[in-house]
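If you look up TrEMBL, you'll see Asp148 marked as active site, proton donor/acceptor. Residues or ranges marked as Mg(2+) binding site in TrEMBL: Asn7, Glu385. Summarising the annotation, TrEMBL assigns ATP binding site to Lys14, His208, Leu209, Gly210, Asn211, Gly212, Asp283, Phe284, Arg285, Gly331, Val332, Gly333, Glu334, Asn335. Residues or ranges marked as substrate binding site by TrEMBL: Arg91. Look at TrEMBL and you will find His180, Arg241 tagged as site 'Transition state stabilizer'.
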Amino acid sequence: MDVLVINCGSSSLKYQLINTNTEEVLASGLCDRIGIANGQFSYKPKGGDKITRNVDMQDHEVAIKLVLEALIDSKDGIIKSLNEIKATGHRIVHGGEHFTHSALVNDEVIQHIEECSDLAPLHNPAHLLGIRACKHLMPNTPMVAVFDTAFHQSMPPHAYIYGLPYEYYEKYKIRRYGFHGTSHSYVSKRTAEFLGIPLENSRIITCHLGNGSSICAVKNGQSIDTSMGLTPLEGLVMGTRSGDLDPAIIDYIAQKENLSTKEVLNILNKKSGVLGISGLSSDFRDLLAADEEGNLKARFAREVFAYRVAKYIGAYTAALVGVDAIAFCAGVGENAKFIRGKIVSHLHFLGINLDESANLETVGKEGIISTPDSKVKVCVIPTNEELMIARDTREIILKTQEH
Ligand code: ADP
């Protein structure tokens, strides 16, 4: 079954056409700067070269139309007709408490996604634009919504409730939701498979370290705690996000710098993290290069990042009452071997030792980076959120066809 996976941001749209029988990516690409001047469209068919075009796209519907045209193009297309696309799978950031699993899109599901827009104002409205555009362009193709929050709905109340007056949870649903759920779900399953341990009897800590970073405690295949909260600002020190801090700091900065709370939050989201600490870049490649040239702030930012990850691994070892495996994924986790080394250097107390040469060799691929005598296995498992979305979409479509 060919599934078109769509990940809509407010001004960008990533897509992949996946054959769910072979799990092959038939085509992939990006529509960038939607609704802004100097738009860019890219398309890469399986086995072919990437094609990039400058084209203005006034809205998401225009962008999706370009994608569909590229897929059936007589020269570079990969399918003959749009009928070959049996379903579209949409990544949705926030599903609130309503969605514990992926869902077939209908009016009710759209309404619930709309209701969660308050909690993800930058993301959910953009996802809905994508859903509406697909509905218009392919009215007979079913759609499935796959939520970043769904995997974490298994968290117990003591992990998701904040130490706030309980009425705020009752009135406004203020609680930990967690994000990157599709990635944590995929990586925890794959880690168990890769290491040959039974998922239903396992304690795995998954570390999704990218621009945005989060960490998850997965017990017997279910998320029991995760570092992001009501929004993706909480938890680890990230590329540009602060992660955990004393909430009193917000008012303190506002007073000192004569800023509004909104302006301070913007600083915490966009100008903090390793970018803020280093004053240089949010990108770990830049920080490594600067560190090698003797930039002490770049080194410090990387140390702060690694320390926070290690601290969470310690906390989640307690949450899981022990740990069998730790997995690294996403841009930093899959590639930044020096950062992984720094994190693992904090974990000797768990009986973990880094296999230096395995760590250096394991870049962008699966591998074990702890020594064979380590008490806990540490591995790298490249994430694949698109594949997970395609699998869920297929499963839901097949189930609805059975009824
Ligand atoms: P996003 O959260 O945007 O999906 P990614 O998971 O793609 O992010 O991760 C992007 C980050 O991964 C970059 O900002 C960069 O810091 C880091 N990264 C990517 N490749 C490498 C590399 N080879 N070495 C070190 N860091 C890398």
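Any Cβ shown, glycine's included, is placed from N, Cα and C.
On the structure: features taken from TrEMBL.
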residue : record                             : contacts (Cβ under 8 Å, 6+ apart)
Asn7    : Mg(2+) binding site                : Leu13, Lys14, Tyr15, His90, Arg91, Glu385, Glu386
Asp148  : active site, proton donor/acceptor : Arg91, Ile92, Val93, His94, Gly95, Phe179, His180, Gly181, Thr182
Leu209  : ATP binding site                   : Leu236, Val309, Phe328, Cys329, Ala330, Gly331, Val332, Gly333, Ala336, Ile339
Arg241  : site 'Transition state stabilizer' : Gly212, Pro232, Leu233, Leu268, Asn269, Lys270, Ser272, Gly273
Asp283  : ATP binding site                   : Gly239
Arg285  : ATP binding site                   : none
Glu334  : ATP binding site                   : Phe328, Val363, Gly364, Lys365, Val380, Pro382, Thr383
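Around the Cβ of Asn211 (ATP binding site), the same chain contributes Met238, Gly239, Thr240, Ser282, Gly331, each under 8 angstroms and 6 or more positions distant in sequence.
Secondary structure at Asp283 (ATP binding site), taken from DSSP and collapsed to helix, strand or coil, is coil. Around Lys14 (ATP binding site), a 10 Å sphere centred on its CB holds 18 further CB atoms from the protein chains shown. For the ATP site listed in the record, the two most distant Cα atoms among Lys14, His208, Leu209, Gly210, Asn211, Gly212, Asp283, Phe284, Arg285, Gly331, Val332, Gly333, Glu334, Asn335 lie 23 Å apart. Close contacts with ligand 1, defined as a Cβ under 6 Å from any of its atoms, occur at Val332 among the recorded positions Arg91, Arg241, Val332, Glu334, Glu385. For the recorded positions listed here (Arg91, His180), the lowest count of other CB atoms within 10 A around the CB belongs to Arg91. Glu334 (ATP binding site) falls within a helical segment according to DSSP.
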